[in-house]
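Undergrad: Got a structure here, written out as structure tokens. Questions coming.
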Amino acid sequence: SSSSSSSSSSSSYDTSSSSGDASSSSSSYGYECEGFFVGNLYALTMFQALRRIWFHELLFRSRFATGDDAHRLVDMLGYLLLAFAASNVRPIDEVEAQIEEGDRIHSLQWFWIWVVALQAIWMLRYLELAFLGKSEAVRRFAAAFTVDEFFTMACWITSLVLVTVQDYRGEFIAAMFIGLLGGFASDARAFYRVVRYKLVRGPHLSKERRLIPMNITFAIYRLNEFMFLQLGETVLQLIIADLPNDEDTVRHWIVFSSGFVIVLCMLYTYSLTEPHHAEAHAFKRSELAGITYSFLFGLKAFAVLIVGVAVKIAIADVDAPADTSTAEKQRLELGIALAVCFGLQLLMTPLHVGIHRFYAALLRHRTRALMVGIRLALLFAIVIVCFADLMPASFTAIQAGLSVLEICLLHHQRSLEPSHVVIADAIRVSATSGGGQPIGWAEIISLAKTTQCTVQEAICHAAEASRATALKRRTADSHGESTRRSHRSALSPSASSLHHPRTTPRGCVPSVSHVPEDAPADENQVAPVPAKIESFSHSGAAAPATGTVGFGGGGGSGGSGGVAEGDGGDGAGDVHSPAQRLHTTAAITSARTRAAAWRTAHKQRARETREECLDEYLQHAI
């Protein structure tokens, strides 16, 4: 948007000349079209540069925590420079006027100066980690990030140099293209690194040595904040719009209501179709999916922003004529941005489970494929209706209706659960491969209804429960087999003790070397006994054991392997009389009771430790 003081004929960037009617009607309110292509290129470049700086902070906060005063001062300096950069984002006609007047340093130059300074600060912060990081992974990750950001820095410095040239305005478009390339250079370099590791034969460094885990929950929270900021800006523009005259009240409220409905539809495509659980997000699935998702997220956020701009222009002059080229380009501003916003949902949602797996269900279910086909047809209709000569009120009302229809089809598609079935299949496979039982769809739906959570969250909870059950079952099986063998050998004389009654001292010594945290308490099993209470020998010394529970005779020759027989030893103990057997049973019962008490206290301490660590981590994250 530009002020009425600048006419479209004076702009060398304008790709389409406005008619006299359009100029008079638009300048009555103070808006003119400076060119569809150049204006959007300028807006996208400015937006992507600032979003890249914001994304630097997201990536840094989700991996590292700094709380000293020096780094706090650096943070505040970065916020100040970001405010300086944003304050120099001016309408394109003002930038043109400043260049024509020969200002020494115009607003676009100041913008790139502050952005380059911000980029330098973040590169220095990662360079600090590259030299002073405490682990090899931190140093390698920070060094690779610094190298990748050199491409962005080079592009933005080139843009700064090009916008400084005042004798040839064609450099402006080149500067915008190069600045836009710099905004996506980091994503391109990250994509290149992932593909290189897949295509080039190894051996490669392991991920543990070159990557730092990301707090996906924190990243999802910040991404939601950013998207809601763009949606809220559109609603704010509707609220602060000037009220029209009495004869324009109806058209004004039609545009107002239509714009609000469009915002709700865009909110639905993001908030209710994107996972809010880290286990189901693209960042968790793979590196390539996470990089692609971040790239598409930036495009969708920009599309939402442009929809807000288009709605603001529409509500500014609800009686604008519909048969001018300027009006057509303003309609395209809303239509194309809205189609991009809805279309990206078809690409972003499958990234969380895999595009191939997501759309494979469409080949097996015609109804689901029909829903997606109709949605694609509606996207074309949203763009085609822009070429009809419609006034702002009628046009926004039609776009709101098409948006509602798009959301209804999306909701019906979700009710058919094509994506959720694929998600359940994927997690069912992962749970089964981990030893768990396959997760049934009926159980997932029941869990979602019982806990009042989304289907994706119910799937994640069910998968975690299945994996935990499988781990507990495996631990119980291995532990139970070991203890049962030990119990049998302790209560019956072995061959070695019968043939050599005097070579092994009589006695029964339970000993423990390892106690799993989640060992089950089974009444039919001998409970694990901690090393501190392994002193139930009534003759002979304690035998060291390497299993869960071992019973060894005197001299310690029968503890190896966690069973009474040992590995070639004769330390099963010599138990003959009923009194000795009764004493052994009493010792085992006492050991089981003490072990149960110890295990309960151990779990309580572990739970308190986890809670303390979580509180400390949340404080650092906040």
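Each residue, glycine too, has its Cβ placed from N, Cα and C.
Automatic prediction, not curation, is the source of TrEMBL annotations.
Checked TrEMBL, it gives:
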REGION    1-26  region 'Disordered'
TRANSMEM  109-129  transmembrane segment
TRANSMEM  141-166  transmembrane segment
TRANSMEM  172-192  transmembrane segment
TRANSMEM  212-232  transmembrane segment
TRANSMEM  252-270  transmembrane segment
TRANSMEM  291-315  transmembrane segment
TRANSMEM  335-355  transmembrane segment
TRANSMEM  376-398  transmembrane segment
REGION    470-525  region 'Disordered'
COMPBIAS  474-484  compositional bias 'Basic and acidic residues'
COMPBIAS  489-498  compositional bias 'Low complexity'
COMPBIAS  552-572  compositional bias 'Gly residues'
REGION    552-576  region 'Disordered'
Undergrad: Thinking of Cβ pairs under 8 Å, which stretch from 141-166, 212-232, 291-315, 376-398 has the most of them with the transmembrane segment (252-270)?
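TA: Counting Cβ pairs under 8 Å, the winner is 291-315.
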Undergrad: Taking a Cβ cut-off under 8 Å, which residues six or more beyond the ends of the transmembrane segment (212-232) line up next to it in the same chain?
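TA: Residues 51, 54, 58-59, 61-64, 137-138, 141, 263, 266-267, 270-271, 275-276, 278, 281, 283-284, 297, 300-301, 304-305, 308, 621 contact the transmembrane segment (212-232) from elsewhere in the chain.
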Undergrad: Using Cβ atoms and a strict cutoff of less than 8 Å, what residues sit near the transmembrane segment (172-192) while being 6 or more residues removed from its termini?
TA: 13, 38, 41-42, 44-45, 48-49, 51-52, 99, 112, 148-149, 151-156, 158-159, 162-163, 287-288, 291-292, 294-295
